[in-house]
């Protein structure tokens, strides 16, 4: 998209404000709102902002940063506030000397995309975004209660939530994001939105937009949408399974018609790389304390480091489709992650597998959830970290994933995770009160 096209859209749509969007290291979408006149005057050189108050960015003595709009991401928001139309554009973050900011999560993914392209690959991804829709109280605060007791693919006649999902799909289509499906998920009040796959970078941009639209539509209907991985005990948590493939030109590099399973060496090496780095990856793809309440046996979440052709109890599943649709599904990520950092780390792990020809173990087609510990030991099946603390310790030992994050983000990321863990470790929970108060 050219600046001339954007100028025409601004005039035709009577856009009054433009939101410059970027993402902090926690994955939180930030924005600076400016007028179209300021945007058209400043887009090329960048718009200055104070980076010292953004989580994981810079200290107060080096606070000046610049937002440079990525013009192809310009879109008019399909809702108004007080009748005024706004547009948004996603931005890259730059330092005052004109260099990409090392702490910008989007830059870390761009860097890994460039590495893949140097190897001759274009990486594609498509995530499945799961979330809960909850009621709110008179103060507008979310209430941790179910709105419905529906299950997987259930139809809820005349349900307000059905209207929310439709409005989400319509809004995303207006913003240029193709929605392939929306449906009720396994847990009560849990839902999923699937959108068309694209390159890793464009998909990460789209995922941030999808989360914004989901939350906005829920608010308009008087509800709260949460991407918390495990808000309720005893039911499935919300994951973000990621389907991914590598292409060379218009050919899927993961497909080999001469292989008995139709799978190329490159796919196997890519799988081998992810499995090798899976423990460290967990810190990035499952970055909250609550993430590890989801990663437990019995709730369809992966726990064991393995791969399979079709078996959903494995960490990596290869769906049955072949040809251009050949892909792997990485099942551990959850929607609390910073998707730019998660994609950068996953891509780094997979490319490490290809570069170093890391052979994965044999695929496991048994139900791993039903295996004994002796059987898992016999097959050398290890487990993902059981807590954020364990995952961060694994991350500290993994140079490939550290390099993908960059030293700046790695240090800030670990610092934030360890602070959360320390606070959580001293916090007295309701479970403890219920269990021990009468001692």
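Placed from the backbone N, Cα and C atoms, the Cβ positions cover glycine too.
Pulled from Swiss-Prot:
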- 128, 241, 329: Mg(2+) 1 binding site (BINDING)
- 130, 185, 192: Mg(2+) 2 binding site (BINDING)
- 180, 243, 244, 245, 312, 317, 324: ATP binding site (BINDING)
- 236, 237, 294, 300, 312, 331: L-glutamate binding site (BINDING)
- 13-98: domain 'GS beta-grasp' (DOMAIN)
- 105-439: domain 'GS catalytic' (DOMAIN)
- 59: site 'Important for inhibition by glutamine' (SITE)
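Mapped onto three states, the DSSP output places residue 300 (L-glutamate binding site) in coil. When DSSP labels each residue, the domain 'GS beta-grasp' (13-98) comes out as 17 helix, 43 strand, 26 coil, counted as helix, strand and coil in that order. One residue stands out among the binding-site residues 128, 180 for having the most other Cβ atoms within 10 Å of its Cβ: 128.
Annotation for residue 331 (L-glutamate binding site): spatial neighbours 239, 241, 301, 302, 312, 314, 315, 316, 317, criterion Cβ-Cβ under 8 Å with sequence separation of six or more. Annotation note: residue 180 (ATP binding site) sits in a strand segment as assigned by DSSP. Residue density at residue 130 (Mg(2+) 2 binding site): 23 other Cβ atoms are found within 10 A of its Cβ, drawing on all protein chains shown.
When Cα-Cα distances from residue 130 (Mg(2+) 2 binding site) are compared across the binding-site residues 180, 237, 245, the shortest belongs to 237. Annotation: 128 are the binding-site residues among 128, 243, 244, 294, 300, 329 whose CA atoms are within 10 angstroms of the CA of residue 192 (Mg(2+) 2 binding site). Here the CA atom of residue 180 (ATP binding site) lies 23 Å from the CA atom of residue 236 (L-glutamate binding site). Between the binding-site residues 241, 243, 294, 312, 317, the minimum number of other C-beta atoms within 10 Å of a residue's C-beta occurs at 312. For the recorded site, residue 294 (L-glutamate binding site), the DSSP three-state label reads helix.
Each of the binding-site residues 236, 245 was scored by other CB atoms within 10 A of its CB, and the lowest score goes to 236. Pairwise Cα distances among 180, 243, 244, 245, 312, 317, 324, the recorded ATP-binding residues, top out at 22 Å.
In sequence order, the binding-site residues near residue 245 (ATP binding site) (Cα within 10 Å of its Cα) are 329, drawn from 128, 237, 329.
Note: the CA-CA distance between residue 329 (Mg(2+) 1 binding site) and residue 237 (L-glutamate binding site) rounds to 18 Å.
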